[in-house]
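Q: My questions will all concern the structure given below.
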């Protein structure tokens, strides 16, 4: 395990949080120029080929014949479902609001990890899970008055579920594959699938290959997808996965602020309160009881 200095860890973590935060308004902006599924496929495929440059030196660790099915399943959950539903869902809801619901993922991950990875379920984590669901409920309450699309909420929840399941799957099978090859091939497989699916139901002629669109597409493909995932696995490989989880709440905050500034999206009271619940829930889910001198854990098995 390659250890990182505190300075390098802070720099990489800051880069990751900012890139994944501004991804949401940038993707929303790009949808003015392109159909959603084709856009999802193009950006993930480009990101996959960029990461391929980093993966090729480790070609001996690919073992494709024995592990191809792991790459396919991971691609289905983390790319086809997550990026596919994300790009379509942004058509129905403001980018900041959509990201706030999607980042219920750490909360769902706590439940799924307890079920399938036999991770402990202590009292603070249970409290955090409850707060997370309350937060989504508060945000979604606006849909009852017609201010928020129910379809958008369902697509956002679908994103969160797919991403959480994909993360559990990678945790469970990660020892069998190289991490760089896993993310590279899932991007390439998912990218080709989304492009093929989009080509059946969308038209390439509807893509406006303007300078703003191409610029945003290349930025997202390189910095958000390729470099973002590379930064993520660099932190995980250095044993900093817990820090990534602890700072996850900053991503929807950055998304909401950026969307408000650049897309002029409104920050409603229900969004603010709901996001506050989700932020606190993520903090509780990622708290380690020993670090807080909590003497007793509630084990639920």
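FYI, residue positions are counted from 1 along the chain as it appears here.
From the backbone N, Cα and C atoms, a Cβ is placed for every residue, glycine too.
In TrEMBL, annotation is done automatically, which means it is predicted and not curated.
Relevant sequence annotations retrieved from TrEMBL are reproduced here:
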type: DOMAIN; residues: 11-140; note: domain 'EamA'
type: DOMAIN; residues: 151-286; note: domain 'EamA'
type: TRANSMEM; residues: 12-31; note: transmembrane segment
type: TRANSMEM; residues: 37-56; note: transmembrane segment
type: TRANSMEM; residues: 68-85; note: transmembrane segment
type: TRANSMEM; residues: 97-117; note: transmembrane segment
type: TRANSMEM; residues: 124-142; note: transmembrane segment
type: TRANSMEM; residues: 148-170; note: transmembrane segment
type: TRANSMEM; residues: 177-197; note: transmembrane segment
type: TRANSMEM; residues: 209-232; note: transmembrane segment
type: TRANSMEM; residues: 244-263; note: transmembrane segment
type: TRANSMEM; residues: 269-287; note: transmembrane segment
Q: For the domain 'EamA' (11-140), what's the mean pLDDT in this predicted model?
A: 90
Q: Taking contact to mean three or more C-beta pairs under 8 angstroms, with sequence separation of 6 or more, is the transmembrane segment (177-197) in contact with the transmembrane segment (37-56)?
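A: Between the transmembrane segment (177-197) and the transmembrane segment (37-56), contact is present.
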Q: With helix taken as DSSP H, G or I, strand as E or B and everything else coil, how many residues of the domain 'EamA' (11-140) land in each class?
A: 110 helix, 0 strand, 20 coil
Q: Please work out whether the transmembrane segment (209-232) lies in contact with the transmembrane segment (269-287), by counting C-beta pairs under 8 angstroms that are 6 or more apart in sequence and asking whether there are at least 3.
A: no
Q: Below 8 angstroms Cβ to Cβ, which residues of this chain, lying six or more residues outside the transmembrane segment (68-85), approach it?
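A: Distant contacts of the transmembrane segment (68-85): 37, 40, 43-44, 155-156, 158-159, 161-163, 165-167, 169-170, 173, 176-177, 181-182, 185-187, 189-191, 193-194, 197.
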Q: Among the recorded stretches 37-56, 124-142, 148-170, which has the greatest number of Cβ pairs closer than 8 Å to the transmembrane segment (269-287)?
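A: Answer is 124-142, with the largest number of Cβ pairs below 8 Å.
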Q: What else in the chain is close to the transmembrane segment (244-263), if you only count residues 6 or more beyond its ends and a Cβ gap under 8 Å?
A: 13, 16-18, 20-25, 28-29, 94-97, 99-100, 102-103, 105-106, 232, 235-236, 271, 275, 278-279, 282-283, 285-286
Q: Counting by DSSP, what is the helix, strand and coil composition of the domain 'EamA' (151-286)?
A: 116 helix, 0 strand, 20 coil
